[in-house]
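Pulled from Swiss-Prot:
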BINDING   160, 161, 179, 180, 204, 205, 224, 225, 226, 227  S-adenosyl-L-methionine binding site
COMPBIAS  7-69  compositional bias 'Gly residues'
MOD_RES   111  phosphoserine
MOD_RES   114  phosphoserine
REGION    1-70  region 'Disordered'
């Protein structure tokens, strides 16, 4: 979905969704770059700014997107281990911050008292900036990512989602984060300096042999590479690194695979490609209202099939 921060900024007030909450792209979580969505939308005309703040109330206090009144927030475990729900004025998806006091992309942090009197910090996981968070809120049955898991993350971008995956797997787990873009890779490297369970790899995910010596066997492959040959890229990496019956979680953007076909047709084709690559699809979920024409497909890798 094309989004022009300047032009839509003014609309923030009237549409709420775009400027304020779906402004999770711009307001709620700083969108596709808080600076670009919130910043430019806000700076260009007071109405954009008001849209941010007001949508902010709907989406939670201001552009940062979090819960007001930390004392009243109750943290409950989500059915996916390592993921939590913060219940306050509204319910928010959160992960326990592996590096307390540090935010990665200006996300809201919530501090609560644990039973032993110490403070525990959680980070709000914005579904408008993370396909995995959108999938969890959409009701995925199994994400295979849990405390202690080893994850190969293809298409890590600047590390926004990767940082939350690192929180979920915790200090006993490991995230190998592969990103092709050097610009995004710089942000990824900076994030990994603090999160020591993230191993950043700035390389093309098609060229498995270039990082073969860095990656061990993993429990799950997550892919968000938005390339026409995405299924093949996942298959190459699964063959090299994924254990038998390991999990495969793929985020599919229909327009990146085939911009002329209907999204449902593209998704069905991708499922068929996965089956041909020894991946047994288990569930498929569209990501509305967070992303248009996106879906997540979850499967199990049957190495000896």
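Glycine too: its Cβ is placed from the backbone N, Cα and C atoms.
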Mind checking which of 204, 224 has the fewest other CB atoms within 10 A of its CB? They're the binding-site residues.
204
For the recorded positions listed here, 114, 160, which shows the highest count of neighbouring CB atoms within 10 A?
160
Among 179, 226, all listed as binding-site residues, which has the most CB atoms within 10 Å of its CB?
179
Largest pairwise Cα distance, Å, within the listed S-adenosyl-L-methionine binders 160, 161, 179, 180, 204, 205, 224, 225, 226, 227?
20
Between the binding-site residues 160, 179, 204, 224, 226, which lies closest to residue 111 (phosphoserine), Cα to Cα?
160
Starting from the Cβ of residue 111 (phosphoserine), draw a 10 Å sphere and report how many other Cβ atoms land inside it.
14
Looking only at C-alpha atoms, tell me how far residue 204 (S-adenosyl-L-methionine binding site) is from residue 114 (phosphoserine), rounded to the nearest Å.
42
Residue 114 (phosphoserine) to residue 226 (S-adenosyl-L-methionine binding site) - Cα separation in whole Å:
40
Secondary structure at residue 114 (phosphoserine), reduced by DSSP to three states:
coil
